[in-house]
Amino acid sequence: MAMKVALLGCGVVGAEVVRLINEQSAELSARVGTSLEIGGVAVRRVGRARGTGLDPQLFTTDAMSLVTRPDIDVVVEVIGGIEPARSLILAAVKSGKSVVTANKALLAEDGATIHAAAREAGVDVFYEASVAGAIPLLRPVRDSLAGDRVHRVLGIVNGTTNFILDRMDTQGAGFAESLEEAQELGYAEADPTADVEGFDAAAKAAILARLAFHTQRVTAADVHREGITDVSAGDIASAKAMGCVVKMLAICQRSEAGDSIGVRVHPVMLPREHPLATVNEAYNAVFVEAESAGRLMFYGAGAGGTPTASAILGDLVAVARNRLAATSVGEGGHDTGLPVHEVGKTVTRYHVALDVADRPGVLARVAEVFAGNGVSIKNVRQEGSGEDAQLVLVSHQAPDAALATTVEQLRALDMVRSVASVMRVEAFSEDG
Ligand SMILES: NC(=O)C1=CN([C@@H]2O[C@H](COP(=O)(O)OP(=O)(O)OC[C@H]3O[C@@H](n4cnc5c(N)ncnc54)[C@H](O)[C@@H]3O)[C@@H](O)[C@H]2O)C=CC1
Ligand SMILES: N[C@@H](CC=O)C(=O)O
Ligand code: NA
């Protein structure tokens, strides 16, 4: 008997899911062991020509009735947002359906409730598409690394911001025009603020931290978040002058003592020889550093309808196979309860560019401020002279709180006319 799929949402991703299910129906049947059939599609408005080739009778605005319909086996949720997606997924799970979702916002906010409900009902909730689009990342972290101890996960997990920063760096393009282009290409969230202010990446970081460190505690609210709206052409030029590129990274890291984790999303300057520096356009790439496996890198298309639909179809095949075998994964049953520490405790390093008066003693006074906060300077250079002098300093690693205080105190110095650029600098974890 065919396995029936209910699709919630028929936008950028949903339309591609329909296309791929239709086009690959024979292969999918062979891989699952039974055929997959679309049993209904929930949309906001029926009667619109969507070019899906589906029978118009399949479309409904009553998503709740669709997900609880007895003949539906699997629900694919690609509406996005918290409600009604949460209620629909919980209703589906409680009705014994397995779920495939791309909804990182929801999983980051309330994944623990959803996984608990799925365990209770003995069904799967799979969500590979929610982090780094097409890249097989979550299942490798959850399954392949289940026997290892992850120390750090670091990567580019938002395609839209990577696209914008890449355009600004390589073409000198403006922020607004690059965002518009990313929207046209189907990379951006329905509200692109989620991308450019780092909410989307923070949600993905929370999901990654939960899986990598086996803790159910992390939600998007625990993630230190800075978006890219304050990244200026000056920051990009400053990075270039240092042989660096600006990227927005998500970083999830176990503390030195191993008793807490730091989870943060912010722009960084990366040396151009760093593998993440070469990740262009809307591509994503994620490093996972684990005790025994060492350093692993996952790279590929992190956004866009077709690549995201690929991840959804992979999950669809997996949950369909599990249903045929009458089994489920039961995620989230084991919880280490590792807490998230404040960003101030995270060890990082800063790049600081200061507009200063070119006078004797300025450098000494600036160095004194660094030293007073226990921050040692890795390198310093001066650009320009006279009233147009700029001091550019890069620190060694220090607690983020000490670096932030250093910048505040520098800002207050008379001889510092303005702080032209402040950004964290990331390299490999072993670099000082
Ligand atoms: N576009 C992308 O590159 C990626 C998107 N995602 C996620 O996939 C999900 C969908 O994203 P997109 O397809 O890009 O968004 P979209 O905005 O193109 O599509 C969402 C669709 O859901 C419909 N919808 C909203 N509320 C509904 C309701 N109550 N009932 C039925 N339909 C409803 C909307 O009318 C829209 O057509 C989101 O969770 C997003 O974060 C994940 C990875 C990549
Ligand atoms: N808006 C997101 C889509 C994928 O998750 C992004 O730009 O990465
Ligand atoms: Na993925």
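Using N, Cα and C of the backbone, Cβ positions are placed for all residues, glycine too.
As given in TrEMBL:
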- Lys204: active site, proton donor (ACT_SITE)
- Leu8, Gly9, Cys10, Gly11, Val12, Val13, Gly14, Ala15: NADP(+) binding site (BINDING)
- Lys104: NADPH binding site (BINDING)
- Glu189: L-homoserine binding site (BINDING)
- 351-424: domain 'ACT' (DOMAIN)
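Features as recorded by TrEMBL, highlighted on the structure.
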| residue | record | Cβ contacts under 8 Å, 6 or more apart |
| --- | --- | --- |
| Leu8 | NADP(+) binding site | Gly14, Val41, Ala42, Ala63, Leu66, Val67, Val75, Val76, Glu77, Val78, Ile79, Ala85, Leu88 |
| Gly9 | NADP(+) binding site | Ala42, Val43, Glu77, Val78, Ile79, Gly80 |
| Cys10 | NADP(+) binding site | Val18, Val41, Val43, Arg50, Thr52, Phe59, Val78 |
| Gly11 | NADP(+) binding site | Val78, Ala190 |
| Val12 | NADP(+) binding site | Gly186, Gly304, Gly305, Thr308 |
| Ala15 | NADP(+) binding site | Arg50, Gly51, Thr52, Gly305 |
| Lys104 | NADPH binding site | Tyr127, Ser130, Val131, Asp200, Ala203, Lys204, Ile207 |
| Glu189 | L-homoserine binding site | Gly80, Thr160, Asp195, Asp200 |
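On the 0 to 100 pLDDT scale, the model's mean across the domain 'ACT' (351-424) is 94. A Cβ distance below 6 Å to any atom of ligand 1 is met, among the recorded positions Val12, Ala15, Lys204, by Val12. Secondary structure at Leu8 (NADP(+) binding site), as computed by DSSP, is strand. Close contacts with ligand 2, defined as a Cβ under 6 Å from any of its atoms, occur at Glu189 among the binding-site residues Gly9, Cys10, Gly11, Val12, Ala15, Glu189.
Across the domain 'ACT' (351-424), DSSP helix (H, G, I), strand (E, B) and coil residues number 26 helix, 31 strand, 17 coil. In sequence order, Leu7, Glu16, Val17, Val78, Ile79 are the residues of the same chain, not among Leu8, Gly9, Cys10, Gly11, Val12, Val13, Gly14, Ala15, whose CB sits within 8 A of the CB centroid for the NADP(+) site. Non-local neighbourhood of Val13 (NADP(+) binding site): Val78, Ala102, Ala129, Gly305, Thr308, Ala309, Ile312, each in the same chain, at least six residues away, with C-beta under 8 Å from its C-beta.
Neighbour counts were taken at the CB atom with a 10 A radius for the recorded positions Gly14, Lys204; the maximum falls on Lys204.
Classification of the residue listed as 'L-homoserine binding site' by DSSP places it in coil, neither helical nor stranded.
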